[in-house]
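A.B. asks: Sharing a structure with you now.
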Amino acid sequence: MAVEDTPKSVVTEEAKPNSIENPIDRYHEEGDDAEEGEIAGGEGDGNVDESSKSGVPESHPLEHSWTFWFDNPAVKSKQTSWGSSLRPVFTFSTVEEFWSLYNNMKHPSKLAHGADFYCFKHIIEPKWEDPICANGGKWTMTFPKEKSDKSWLYTLLALIGEQFDHGDEICGAVVNIRGKQERISIWTKNASNEAAQVSIGKQWKEFLDYNNSIGFIIHEDAKKLDRNAKNAYTA
């Protein structure tokens, strides 16, 4: 697990890694009875694995490594160019590393107004200028503060658990802390691939049980038109 300079506004002061023994499994089937941070376990087959015998927890690699990024509003307000205050925080590549980080980070409802918190595939920077993001766009959902933490967690689990049929199209996700509502967006690579984008939008809504219509805005349109950019697709 790679650890960068860690903004104190993201990570709690006393971060203690938690030992997680089971992989992410069918998180969205657990319903509201599952505690935040709980990982679903499968039925045992009665066998004792070698990692249990040795006393060393088994590691469960993810298909991709992911990096958390943070844009600090206190620093951002003093910068002249967009993105100059954006910093990588941690990179993780296993289920155990993810939960250790997530359980010791501040969740969206506790972040300062104006903050932006990202989780992107490793080596992809959460910027329009990144060559992998340049031709893409984003789906966006809005949530009241009391629902933002769970929605952010379920979005992260869907990403790192490779739940999307067109997961290769996904760059990452961001939660924007704004006023009474939070925005969560999923960034994708190729905006012209309509079938893939619409599939991602529909599946995301299913995973989060989100009933409102959502829109997909192409990055190029957002750069040119800002808030006047129109949805290219809806789901």
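Placement of Cβ uses the backbone N, Cα and C atoms for every residue, glycine included.
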A.B. asks: Region 'EIF4G-binding' per Swiss-Prot sits at which of 60-63, 108-111, 188-191?
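C.D. replies: Here Swiss-Prot associates region 'EIF4G-binding' with the stretch 60-63.
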A.B. asks: Of 154-163, 214-223, which range does Swiss-Prot call region 'EIF4G-binding'?
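C.D. replies: Checking Swiss-Prot against the ranges 154-163, 214-223, the region 'EIF4G-binding' one is 154-163.
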A.B. asks: Does DSSP give C133 (disulfide bond) helix, strand or coil?
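C.D. replies: SS state of C133 (disulfide bond) = coil.
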A.B. asks: Using DSSP with the three-state reduction, classify K223 (mRNA binding site) as helix, strand or coil.
C.D. replies: helix
A.B. asks: Please give the sequence-distant neighbours of the region 'EIF4G-binding' (154-163): residues at least 6 beyond its ends with Cβ less than 8 Å from one of its Cβ atoms.
C.D. replies: 24, 27-28, 62-64, 66, 98, 102, 119, 170, 172-173, 184, 186, 203-204, 207-208
A.B. asks: Rounded to the nearest angstrom, how far is the Cα of C171 (disulfide bond) from the Cα of Q181 (mRNA binding site)?
C.D. replies: 23
